[in-house]
Amino acid sequence: MTAKIFIDGEHGTTGLQIRSRMADRRDVELLSIPQEQRRNAALREDMLNSADIAILCLPDDASKEAVSMLAGNNNVRIIDTSTAFRVAKDWTYGFAEMDKAQGDKIRSARCVANPGCYPTGAIALIRPLRAAGILPDGYPVSVNAVSGYSGGGKQLIAQMEDESHPEHLTVNNYVYGLNLKHKHVPEMKAHGLLDRSPLFSPSVGRFPQGMIVQVPLFLEDLADGAHRGEHPFGALRPLRRAGHRQGRHSGRQRQARSRRCRGTGGPGHDEAVRVRQSGYWPCQSRRRAGQFSARVRPVQRLQNMDLMLSA
C-alpha cells in the first residue's frame, strides 16, 4: 500500500527540490495542486486532509495556517520545514542523529519540525558535550559560522553574482545578525541542552554552497579530563542508515572533532580548544538557471519521512 504525500508549497524552491527527489519512488503517491490553482484555499485544505504525511515547505505564518487546517485530524502526520515549531513542546525535532533515541521519536511522532541549517551543525557539536557533562552549566557558549550565499535565496544570489544589480555586493565575507536575535538561537539553546542562549555570530562568504560551524571553548573551564584531542566525540549517521531509500544519496560519515589551536605562537593558545563541523548538510537548496544544486538538507526531510513511514 502506497503512502499519500502532499507537499504544501510544492511549487516553491524547497518543494520543487523535494518533489524531484521523490519522482522515481514507487512506495509513495504524490498528491498535487496544479500551479494555476495553488492559491485555492479549499483545494489546499482538502489535499492536506487527504494525505498520510503533509510536508510543509512554507514561511512560518503559512505553516501555522496549514497546521490549523489539520486541527482534529490525527490521521495526517506533518513534517514542517519552517522555524514555527522547532521548540514547540508537542512537536518532535527532526534531527535523527541528535541522540540515540531521536530516530525512534521521529518514527512514532505525528508532528516533526525539521532542523534549521546553522543549528544542525551547532547542535551536533554542543549537545554531545553537554550530555557527557563536559560542558558545564552556565558556560558562555559562542557559535561562529560562515555559510555560502545561496542560503540567502534569489535576492542574495543576484546581489553576489549580478554585477549590474543595483545592490551588488563585492565583499568576500560579511557578518550579520548583530542584534543577537537570530531566529535559530532558540533551537540551538533548547536542543543543544544549554541553560543560557549562545552568542551566535553568523556570516556569509563569497561561495555558493557549504557551511562551517565552530564552537571555541576554554579547556580550563571544562570538566576535568574533558579534552579528547583528535578523537571524535560524535558522529552523524550516513543517510543510507537513517531511513533514506535512494542509494544515489548515500551519505558520508561525518565526525565532529576537537582541535587545539596551533601555529599561533601566542601565549595561552594551548589552553583553548575549538570544535568544528563542516560540510554541505545544512544549506537550503536553491533553484537557479533551471538546475538544482543538490544539498543534504532536502534529503533530511525525506529521511524523516521514511522514518515515519517505517512505523
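Using N, Cα and C of the backbone, Cβ positions are placed for all residues, glycine too.
No curator has checked TrEMBL annotations; they are predicted automatically.
According to TrEMBL, the feature active site maps to Cys117. Residues or ranges marked as compositional bias 'Basic residues' in TrEMBL: 239-262. Sequence annotations record features per position, and here TrEMBL assigns domain 'Semialdehyde dehydrogenase NAD-binding' to 4-106. What TrEMBL lists as region 'Disordered' is 239-272.
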Counts by DSSP class (helix H/G/I, strand E/B, coil) across the domain 'Semialdehyde dehydrogenase NAD-binding' (4-106): 38 helix, 19 strand, 46 coil
Other CB atoms, at most 10 A from the CB of the residue listed as 'active site': 20
